[in-house]
């Protein structure tokens, strides 16, 4: 293919998780099930928080945004994969691939920043309880969410603007189940130095620094909890932080797992399988973590079900 050809002429081929025809129905059923569970679970969390006044607090406001982001992240990747399996058409256009690259970068950035914001919220609630409601007011909460979305939009646009200047002149087969930015850069025949520098820089700024902020917040939270004289107070504080800490651990563990898998193996299939964890499994598990480990959410779910039954 001639260098510089783009848009309508340029077509990428997504090889998927496996090229074995016998495995395609199994992969289709598994991913469809996980996607349905992800959407329904996160929609339920949003519904519970919206309709129960007991959950109209900063923590659950951020949680509802996190659930929305998880739905959007899965929707960016899974439906396209399911259509590809069903139609047996692995080809995707240049613009479709760039769009998927944009959103597959955008939503993980939002995840990282929202989890950091939630850690700050827990820090204020436990370490500064007397000033919590004054500081974490609706205006500040809305501003924090706006900032996370703004950073996500601008960072992803910067990556895409650089990628749009790349030329592709080799076999455009992507050994992945979605258009992942590092895989696209490997196919470019023009210089990708700036793209790689930006990618590593933003990974550090938007990955490492938020994690350090979360760890710092929880170090202060742990110290504050240890100073509490009331056993009941300690248990309540641990309960409010447990769900968030579990989600943070799952998100970063899967992300780090994908990073080490890609750096330690030359098998693209192993990298693709590892990517399933943070793109599909993590968004699916988050609603269960918050519903099963959180008494407030379980109580709100019970009230919502009772209200629904009484309306029948």
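Cβ from N, Cα, C; glycine included.
Annotations in TrEMBL come from automatic prediction, not curation.
What TrEMBL records for this protein:
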type	residues	note
DOMAIN	41-290	domain 'G-protein coupled receptors family 1 profile'
TRANSMEM	28-49	transmembrane segment
TRANSMEM	61-82	transmembrane segment
TRANSMEM	102-120	transmembrane segment
TRANSMEM	140-162	transmembrane segment
TRANSMEM	197-216	transmembrane segment
TRANSMEM	237-260	transmembrane segment
TRANSMEM	272-292	transmembrane segment
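With a threshold of 8 Å between CB atoms, the same-chain residues lying at least 6 positions outside the transmembrane segment (272-292) that come near it are 16-17, 31, 34-35, 37-38, 41-42, 44-45, 63, 66-67, 70-71, 73-74, 77-78, 104, 108, 175-178, 180, 243, 246-247, 250-251, 254-255, 257-258, 261-262, 298, 301. Between the transmembrane segment (61-82) and the stretches 102-120, 140-162, 197-216, 237-260, Cβ pairs under 8 Å are most numerous for 102-120. Remote same-chain residues near the transmembrane segment (237-260) are listed as 59, 66, 108, 111-112, 115, 118-119, 122, 125-126, 207, 211, 214, 218, 221, 224-225, 228, 271, 274-275, 277-278, 281-282, 285-286, 289-290, 293-295 (criterion: CB distance under 8 Å, separation of at least six residues from the stretch ends).
For the transmembrane segment (197-216), same-chain residues at least 6 beyond its ends with a Cβ under 8 Å from one of its own Cβ atoms are 109, 112-113, 115-116, 119-120, 151, 155, 158-159, 162, 181-182, 185, 248, 252, 255.
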